[in-house]
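Features of the protein shown, as given by TrEMBL:
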DOMAIN    4-120  domain 'MTTase N-terminal'
BINDING   CYS13, CYS49, CYS83  [4Fe-4S] cluster 1 binding site
DOMAIN    144-374  domain 'Radical SAM core'
BINDING   CYS158, CYS162, CYS165  [4Fe-4S] cluster 2 binding site
DOMAIN    377-439  domain 'TRAM'
Amino acid sequence: MDKKYLYISTIGCQMNVHDSEQMAALMEKEGYVGTKDVNQADLIILNTCSIREKAAQKVMSSLGRFRRLKEKKTNLIIGVSGCVAQQLGDRLLMKVPDLDLVLGTHNIHRLPEFIAEIEKTGTKIVETSLSEETPSLGIVTLPQIGQVTAFVTIMQGCNNFCAYCVVPYLRGREESRTQEDILNEIRNLAGIGVKEVTLLGQNVNSYARSTKGASGFVGLLNEIEKIEGIKRIRFTTSHPKDISESLIAGFAGLSKLCKHIHLPVQSGSDRILSLMNRKYTKFDYLAKVANLRKSCPDISITSDVIVGFPGETDGDFQETIDMMNEIRFDNLFSFKYSERQGTAALKMNSKVSEPVKMERLRILQALQEEHTLEKNKALEGRREEVLVEGFSKNCREDVMGRTSTNKIVNFAGHGNLIGEIVPVYIKEAYLHSLRGEML
Ligand code: 5AD
Ligand code: SF4
């Protein structure tokens, strides 16, 4: 088999990062070797995100760059996958005629077949059908030698239809993998030395909800807990309305479950939460946070907030700020509301102007920086258990790892610590990381 090179560019969330890993694994079997040099590529895949307009625009600018490479290398194949591919389908081919493949979110498993067809006949392919059951859910990736952490998809899709969100339209309805499939994949990962798994899904708390006889998300966590070699379990993302009492109790009872939860709140105003179709109130959310902290006092809580949702007044925004002051998140990802085709919010009145959105984002981010630093500083002088993932970005004399609460720690250490959980004394805290000393 001839050696060919695959370059994948990924925009978007961890789910997309993992989809890219899956595509690389599939194409490796066909003789494609991954490359970080786009000029070397025989096949370029742009794995896209459409959650906000900005991410979708990034796709067009990247494609402009890749198209020019085709002038020099006429047999170069360019494909677009992910949410923008799903959304635009053959319209994308009309916009960018040099494109060879438009691959929707449920069709990743067909990538090798499509590439073989394009190589043979030069035909252009668009496949964006959404099926109820998709084999792409179970594609197993090939971790690198020495890889410490790995993503494992447990479900995909979403049934919630939040008023601002395109995900239910582009990723389809919720679909869960079988527990056995997931456990087998994790056992294999443990067998080759992976120490930490992050379970992925748009709404992991509804894992196997509609599967008869299944023990749900907490049942799955209980089973993963038993797998030898796996030392830590993380998951993302959760919907506040679906966080169960048993999961909250799991933060106290499951020894491998990391003390971190990403729990997107979106707004602190009940009126806006209702318009967003989030199906919980600020009171419900605060109660979940209180219960989480009761079950696990050290838990770190991160969240997402959208500013400038249609109809958001200064008063609504102030309620979000008040809630942030009350909860004090460890970290917060905040976004300006972005209009998306097909969503319910598109038709809502009282749109918030761009300058107001920008100002609200600025205020909110400045406040969050204070809270993040305050939370990180509280760790100074403490001993933390750190799973070492690799060398530090800027210094090969240092290693980096994470606390159970998902804070990055850098400290002087040898490469043979990679994959070990070690005790580290936290000397200094910054906004994005901690500096420590191994004990
Ligand atoms: N505009 C702005 N932010 C959005 N998100 C989802 N859809 C939109 C949108 N239309 C944010 C939400 C979600 C995160 C992944 O992206 O906060 O939790
Ligand atoms: Fe989008 Fe809401 Fe589903 Fe999350 S829960 S993916 S925000 S529709």
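Glycine is no exception: its Cβ is also placed from the backbone N, Cα and C atoms.
TrEMBL does not curate its annotations; it predicts them automatically.
Residues CYS165, taken from the binding-site residues CYS49, CYS83, CYS158, CYS162, CYS165, are distinguished by a CB atom under 6 angstroms from ligand 1. Contact annotation for binding-site residues (CYS13, CYS49, CYS83, CYS158, CYS162) versus ligand 2: CYS158, CYS162, each with CB under 6 Å from a ligand atom. Among the binding-site residues CYS13, CYS83, CYS158, CYS162, CYS165, the residue whose Cβ has the fewest other Cβ atoms within 10 Å is CYS13. The average pLDDT computed for the domain 'MTTase N-terminal' (4-120) is 93. Assigned with DSSP, the residues of the domain 'MTTase N-terminal' (4-120) fall into helix, strand and coil as follows: 64 helix, 24 strand, 29 coil. Same-chain residues with CB within 8 A of the center of the CYS13, CYS49, CYS83 CB atoms, the [4Fe-4S] cluster 1 site residues themselves not counted, are ILE11, GLY12, MET15, ASN16, THR48, SER50, ILE51, ALA55, GLY82.
If you take the Cα of CYS162 ([4Fe-4S] cluster 2 binding site) and the Cα of CYS49 ([4Fe-4S] cluster 1 binding site), they are about 17 angstrom apart, rounded to a whole number. When the alpha carbons of CYS83 ([4Fe-4S] cluster 1 binding site) and CYS158 ([4Fe-4S] cluster 2 binding site) are compared, the span between them is 14 angstrom.
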